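Beneath this line is the structure, given in structure tokens, with notes to follow.
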Amino acid sequence: MLTIGVLALQGAVQEHLDCLNLLPDIKGIAVKKTAELNTIDALILPGGESTTMGKLLREFNLTPKLTEKIRSGLPVWGTCAGMILLAKNIVDEPNCHLGLMDITVRRNAYGSQLDSFSTTALIPEVSRTPLPLVFIRAPYVEAASPDVKVLSTVADKIVAVEQRNMLATAFHPELTGNLDFHKYFAAKVRNKN
Ligand SMILES: NC(=O)CC[C@H](N)C(=O)O
């Protein structure tokens, strides 16, 4: 049995927990406190508002322990705002949040017209069939260092990346009813153990 936490300070927490709990041999738990970081095999940083989540991470003093855990190999998956939390650089912003992934992200990158949209894409590492992708005031990755693996691009913009124990998607698999991304993350966690 694997325990996968979902950072539960703000955002689409329950949707990820519901997906995790549909998978065999996975228990999804909400994580709010530093001590809970010791009880999990992996962590999802959900979508929401990165500024708010970053502020709460600092207020609850979660940042140091969380950063240390991820640096020492805790598998982590950031969706949308979660991707922004992981990025080392955020366009037009002086500070990053956790600053762990060698990517530069642009927040709200699709402007007002394409604020929210859905599309499909084939991501061979994750699924044999095209996956539904839901973008909600989404970022994209503007630059990535050479050791970041690009898993998916949509209209020439990087929207899914992986670097060592870290996975990040600009879109929201937890809102699609398709569990392939959660299965992919669970397999990544299992392969590590
Ligand atoms: N759906 C989302 O997570 C939106 C992210 C949000 N626009 C941000 O910048 O943090």
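Residue 1 is the first one shown; counting continues down the chain.
Backbone N, Cα and C define each Cβ position, glycine as well.
Keep in mind the model is a prediction, meaning the values are calculated, not measured.
Positions annotated as active site, nucleophile by TrEMBL: C80. Its Cβ taken as reference, C80 (active site, nucleophile) is surrounded by 29 other Cβ atoms within 10 Å in the chains shown.
If you look up TrEMBL, you'll see H172 (among others) marked as active site, charge relay system. All protein chains considered, the CB of H172 (active site, charge relay system) has 25 other CB atoms within 10 Å.
Annotation source TrEMBL lists active site, charge relay system at E174 (among others). Around E174 (active site, charge relay system), the C-beta neighbours below 8 angstroms that are at least 6 residues distant in the chain are A12, E15, H16, D18, C19, P46, G47, T79, H182.
Annotation comment: TrEMBL describes G48, E49, S50, R107, I136, R137 as L-glutamine binding site. All protein chains considered, the CB of I136 (L-glutamine binding site) has 19 other CB atoms within 10 Å. According to DSSP, I136 (L-glutamine binding site) is assigned to a strand segment.
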Nearest-integer angstrom distance between the alpha carbons (Cα) of S50 (L-glutamine binding site) and C80 (active site, nucleophile): 9
Non-site residues, in chain order, whose CB comes within 8 A of the mean position of the CB atoms of G48, E49, S50, R107, I136, R137 at L-glutamine: G11, G47, C80, A81, I84, N108, A138, P139
